[in-house]
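Remarks on the structure that follows.
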Amino acid sequence: MTSIADPEALIRSEDSNHPANLICSLCRNFYTHGWVTGTGGGISIRDRDEDHDHVFIAPSGVQKERMLPENMFVMDFSTKQYLRTPPALKPSACTPLFMAAFTKRGAGACIHTHSQAAVLCTLMSKGKTFSIANIEQIKAIPKPSTGGYMGYFDTLTIPIIENTAHEEDLKDSLEKAIEEYPETCAVLVRRHGVYVWGDTVWKAKTQCESLDYLFELAVKMWQLGLDPAGPITPVEE
């Protein structure tokens, strides 16, 4: 393991926006949404500047609303070596998936939820993608090909990959989906949940919230016999 003079200094800070503190507060927030019940789901933040490039990773098996900074793992991004490992804990099983978002997309944060709306969208969608169109909230989702955001009349398409018995085994299929869908900021996992990433932790949070709104809305549209990706129906006079 790469050595560092004081590993504990990596997770000690009075700054609420320090990654070790922020992961804990965001996990408590996600818990209230029902996204990370039990010990499922999580978030990883990549913290980089001129003198370091660190990845903060939550542990496996710790309830998200009870997470503390001292539970955090810290990895050096370039060497993939852990600079800090809390005793008696294992890093999140999501770690290879988080790293895929950092490596393939240069993300600053990646969020994984077990949102019921996300799971239902993977079951109600036909084929290997979820699509929704003509909804105002789509405008919160980035469109990399333009450097801006999606428009009201755009169709949002998110790839769906099949679940595996062990989370780390999703890495190859998630990386393939990232490559095949260069416009996406998320990948759905059938019967499991969703991975969402952003350039910064706040963009990742905004995109995750917006996507979950769209997932929930799509489920309700299906229940009403409406096609989430269908055209705008003219209003009768």
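Glycine residues also receive a Cβ, built from the backbone N, Cα and C atoms like all the rest.
TrEMBL entries are annotated by machine, without manual review.
Pulled from TrEMBL, these are the features on record:
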type	residues	note
ACT_SITE	GLU136	active site, proton donor/acceptor
BINDING	CYS94	substrate binding site
BINDING	HIS112, HIS114, HIS192	Zn(2+) binding site
DOMAIN	21-219	domain 'Class II aldolase/adducin N-terminal'
Ask   = In this predicted model, what is the average pLDDT of the domain 'Class II aldolase/adducin N-terminal' (21-219)?
value = 96
Request  = List the Cα distance (Å, whole number) between CYS94 (substrate binding site) and HIS112 (Zn(2+) binding site).
outcome  = 8
Query = Hey, how far is HIS192 (Zn(2+) binding site) from GLU136 (active site, proton donor/acceptor), Cα to Cα, in Å?
reply = 26
Task = Write out the long-range same-chain contacts of the residue listed as 'active site, proton donor/acceptor', meaning residues 6 or more apart in sequence whose Cβ is under 8 Å from its Cβ.
result = TYR152
Note = Across all protein chains shown, the one of the binding-site residues HIS112, HIS192 with the most other Cβ atoms within 10 Å of its Cβ is HIS112
Inquiry  = Using CB atoms and a 10 A radius, I'd like the single residue among the binding-site residues CYS94, HIS114 with the highest neighbour count.
reply    = CYS94
